Amino acid sequence: MAPLLSMHGIDKRFAGIPALRSAELVVERGEVHALIGQNGAGKSTMIKILTGYYRKDAGEILFDGKPVEFSSPQDAQRSGISTIYQEINLVPYRSVTENICLGREKRRFGLLDWSAMHEEARALLARFKIGIDVRRPLMAYPTAVQQMIAIARAIGFEAKLVIMDEPTSSLDEREVGVLFGVIRQLKEAGVSVIFVSHKLDELYAVCDRVTIMRDGRTVQVAPMTQLSRLDLVTSMLGRELSQVLHEGHGMADAAGEAREHVLKVQNLSVGRKVSDVSFDVRPGEIVGLAGLLGAGRTESVRAVFGADRPDAGTIDFARRENAIATPSDAIRAGMGFCSEDRKLEGIIPDMSVRENLTLALMPQLARRGIVNEARSREIVDRFIKRLGIRCTGPEQRIRELSGGNQQKVLLARWLCMNPKLLILDEPTRGIDVGAKAEILSLIRELAGQGLGVLMISSELEEVVEAASRIFVLRDGRTAAELRGDAVNEQSVMTAMAHGHESAREAAHG
Amino acid sequence: MNSIPLKLFQGTGRYGVLLALFALILFGWVRYENFLGAFNVLSVLRYNSMFALVALGMCFVIITGGIDLSVGSTAAFGSVVAALLSPYGVMPGLLGGLAAGLVVGAYNAFIITRLNILPFIATLATMLAASGCALLLANNQSVSVSYETGFVELGQGDFLGFPIPAWIALIAYLLGSLILNFTSLGRSVLAIGGNEDAARLMGLPAQRVKALVYLASGGLAGLSGVILAAQFGAGQPIEGVGWELFAIAAVVVGGTLLTGGVGSVGSTLAGVLLLGLIFNILNFENGLGWISLSAYWQSVIRGAFLLLVVAIQARLSMRAQETA
Amino acid sequence: MADTATTLPPAHGAPRFDVRTILTRYGAWIALALLILVNLAITPNFATWQTLNVNLTQVCAIVIVGVGMTLVIATGGIDLSVGALMAIAGALAPLIFLGKLFLLPHPAIGVALAFIVPVLAAAALGWFNGWLVTRLRIQPIIATLVLFIAGRGIAQVFTNGNLQVFNLPSFQFIGLGRVFGIPFQAVLMIVIVAAAAWMLKRTVFGRQILAIGGNEKAARLSGIPVASVKQRVYLISGLLSGIAGLIVIARNSAADANLVGLGMELDAIAAVAVGGTLLTGGRATVIGTLVGALIIQLVRYTLLANGVPDAAALVAKAAIIVLAVWLQRQGRR
């Protein structure tokens, strides 16, 4: 019998940049299929093409033996493909019943038949062992229950294929157990599931086969049981074991050890994503923060910068403990932070390069509130030169610059403040290769001048090359601290895959 | 989430306004003779039915997360059209005013959903345009209605001892409540306001629903204009100033969230009556002769009420966010 | 490479000289120029001092309020209460200089206080708006709706709804006085516009306003005190409304709380929109607001001077607003 779904040779470009290159995905009937890959590997683009959210540039999709091209997620749903999104896409103020039945209401005499709809919602939720009052608004229930309701909604549509995009990110262990029970039920009923997750344990617990994507291509398809954790991570990150035995470089190590730390974070806990994270940075060293998506890296550094409020733990910066409550406190104390989302949290698109660059410095550039334009221009010119920012001039709007140059402007925004510590969250994301190298060498140069740098990057090669120490986070905890010779891709991957013990083994073995 | 703020939150929305209304009525009944007399009750209902219709449309618009600032001048426009058509009979007047409102509503729907202009600024412009049209059509003066065709009954007449405009408002509210609670259209309206992206992913035709809502708001404003013309015996091109804000206030006092997604037709009616009664009570109070509060106090008190309600809403939603 | 960085040819950043860009960027100026040309051609006695004076005095209050509105909108907010605040300031001033509120030791003090107290009161109410927006996190449109409704009522309660007629040249200088033949209110308007334009461009505060409207999250992460900046912007809007209120009553030699500033919020928002300020915040031009107000006024004047009824001017105004906002959207694609 033909597979339920087969996608072949899928191409997709966004503004000329390829997101998918001849990607493949084949899902058998009644199987749970894992789809994994790094950020930007193309898995969500793949799913969005399948569900009709995007249109493919080339390739073929066969569903249930017939070629299909859905025009919208609703269209896909009508054909039996339901999607559960990572963020709960429900309406918080409306009742549970409505959230389950919206779009396929039951009617009697032309009007909504509430009692039948409540009954249906209750019956559906019972399959998930959830007994709640379906008349109450969705927002009355915890996130985990809301997530289960979203799943129930999707499955209630009599789907042949259910796509789950990181469905467990807001569930606790017991709830994950229930969800897995439901997935097995679905499987028995002949329904296929595409399961997207970054939690390796879960993949092994529930998936039959796995498709691994990288840089828009399908790099490996195999039964789950044939791949070890390390194989998975290696394949995802695209490094061969033989070539990853990188020489850990202890440049700043010897000098760094002696100096007192500029930042020391202990037992930090923030919301659901970070439960016990510790790390530290010394002046003049680059410290890497590694981990799979959802490991709690960004959440940790945001708390350090005062952008989010930590629940517990100590943050010791420049020898003052927990003195930072807001970003302005952090900036005054000598910290800089480049967010991972350049567009949403970094640049001010309608402002010029100059205005963006001097945004944080402005109060210092001013006397009695009036900006000293001459000094501002001088500083901006200096940084444009020093960082090699390519623009028509300081007055060009930043939105017209390429990603790499925007990022340089944001780096300059902090560098002109003479910070003690610079936190960089994915500093090279979405940047072309040339600019990437420039930015990395710049970061190294800065550290050489005594700046402490804390860098998050999903690109392993990058972290290993730049950092003298690496903290690996896993499920909201510090899983390992790697230093010296242990700073190589293999030990980082091992730590991501298994946690502390094995990382040590890898480092020493 | 802690369920206490949530309960409070819903409580203030659904029952707070009813409690306040009840308290106000009780106060009036105890303090003033004839407050609950048929004459007073019926005239309050007759007068406020116009605002009730406008507020009903506004309620739907606000639930989708939008706003319609043009309702006041649309009502004025409707009243002029109705007055001009009143010599031809009750129906031409009624339908003419309604149609005038629907045209304005359709225009709003077009610029908001097709040209993608923010509802706030789009309906602001429409407000000027509708007012201009009303003045042009009426030649800058009020247009007397015909007393021969019985058109004025729509505003001044009674049916089964109950004012006809109040009947019209009552029917509109029953229909509105039915639509909001018992049709998929109504549920779509609520879902779109609550989370437009989610609603889209659920397969709801968001743009079409929004267009319908503005159309309905225009139609109801037109109908309210018909009543205006019939009640005062003339089409009033300069009436309706500030009606939109009165309607918004009534909707908000009724517990409908301005961010959309939550709202109730019944509470909106209670909101209208509450704001209307404040004026009525001021009149009675002055009638007692103890103090002489000018009519101007009514807007101060209305503003204070609005402040109280939004402040409570804001506090509760802030708490809800923190405990979420 | 670093040396050539600043002189590199504009790769993708070159301004594209297509019609759309020109229309969105200079549309307001072009429209104003066209209007003046059309008037020179068809309107009798257009190129006279009198015409200029009439149009300037009509537009002053709108522009002054529009400046505050521009700043508020630049942060991504809106202020509906401006008309009501004008009414309050307009009601307070005569009460003070006519000595109805308290006894005056000297008439000159009365006049001085009649300038200071109403403007400060309006500023304080503006601050209150900002407080609602930043501390209680109420949407600006609702937060300012409170004073929109209550404000005029307060002014009416002060005056009991009565018209206050007066004749006090020293006070009325603000609306009727002339400096070198130019109406003082126009001078005041130009000073305010220039100061605000300068402030928006050259001061830390101005940059912060635009940064908040342009990207509030990024602004916060760059250490900008978002709440305090917003608060001050609403205060300024209130203050300018107060000044505009005084001008209007001085011009009319009468204060009518029912009418002062009625519908002003709409005129001001319209001027801001037509002037090219982005209604979602982040890009603002005070000079544009002046141009926008002049356009709206000139359209009205043109139509009136050529025998078109005032009502039709309203329709024209609506069309201009929709067109301006639509063009703005097109330009951002």
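Each Cβ is built from the backbone N, Cα and C atoms, and glycine gets one as well.
Residues annotated as transmembrane segment in TrEMBL: C:26-44 (among others).
For C:56-75 (among others), the entry in TrEMBL reads transmembrane segment. Within the same chain, residues 82, 86, 126, 140, 183, 185-186, 188-189, 192-193, 196, 200, 209-210, 212-213, 229-230, 233-234, 236-241, 243-244, 247-248, 251, 261, 264-265, 267-269, 271-272, 275, 277-279, 281-286, 288-290, 292-294, 296-297, 301 sit at least 6 positions outside the transmembrane segment (C:56-75) and bring their C-beta atoms closer than 8 Å to a C-beta of that stretch.
Summarising the annotation, TrEMBL assigns transmembrane segment to C:82-103 (among others).
Among the features that TrEMBL reports, transmembrane segment is placed at C:109-128 (among others). Remote same-chain partners of the transmembrane segment (C:109-128), defined as residues 6 or more beyond its termini with a Cβ less than 8 Å from a stretch Cβ, comprise 68, 79, 81, 85-86, 88-90, 92-94, 96-97, 99, 147, 151, 168, 170-171, 174, 231, 234-239, 241-243, 245-246.
Residues or ranges marked as transmembrane segment in TrEMBL: C:140-159 (among others).
Sequence-distant contacts of the transmembrane segment (C:179-200) (same chain, at least 6 residues past either end, Cβ-Cβ under 8 Å): 53, 56-57, 59-61, 63-64, 67, 70-71, 74, 173, 206, 209-210, 240, 243, 247, 251, 284-287, 289-290. Annotation source TrEMBL lists transmembrane segment at C:179-200 (among others).
Here the transmembrane segment (C:233-251) has long-range neighbours at 57, 60-61, 64-65, 67-69, 71-72, 74-75, 77, 79, 81-83, 85-90, 93-94, 114-115, 118-127, 129-130, 133, 171-176, 185, 188, 192, 209, 260-261, 264, meaning same-chain residues at least 6 beyond its ends whose C-beta is under 8 angstroms from one of its own. If you look up TrEMBL, you'll see C:233-251 (among others) marked as transmembrane segment.
The annotation transmembrane segment is assigned in TrEMBL to C:257-279 (among others).
Outside the transmembrane segment (C:311-327) by six or more residues, the chain places 23-24, 27-28, 270, 273-274, 276, 279, 292, 295-296, 299-300, 303-304 with a CB less than 8 A from a CB of the stretch. According to TrEMBL, the feature transmembrane segment maps to C:311-327 (among others).
Counting same-chain residues at least six beyond the ends of the transmembrane segment (C:257-279), those with a Cβ under 8 angstroms from any Cβ of the stretch are 24-25, 27-28, 61-63, 65-66, 68-70, 73-74, 78-87, 90-91, 148, 152, 155-156, 158-159, 161, 213, 241, 244-245, 248-249, 285, 287-293, 295-296, 317, 320-321, 324-325, 328. Long-range Cβ contacts of the transmembrane segment (C:82-103) within its own chain (Cβ-Cβ under 8 Å, at least 6 residues beyond either end) map to 61, 65, 68-69, 110-111, 113-115, 117-119, 121-122, 125-126, 147-152, 154-156, 158-159, 164, 166, 168, 171, 237-238, 241-246, 248-249, 255, 257, 260-265, 268.
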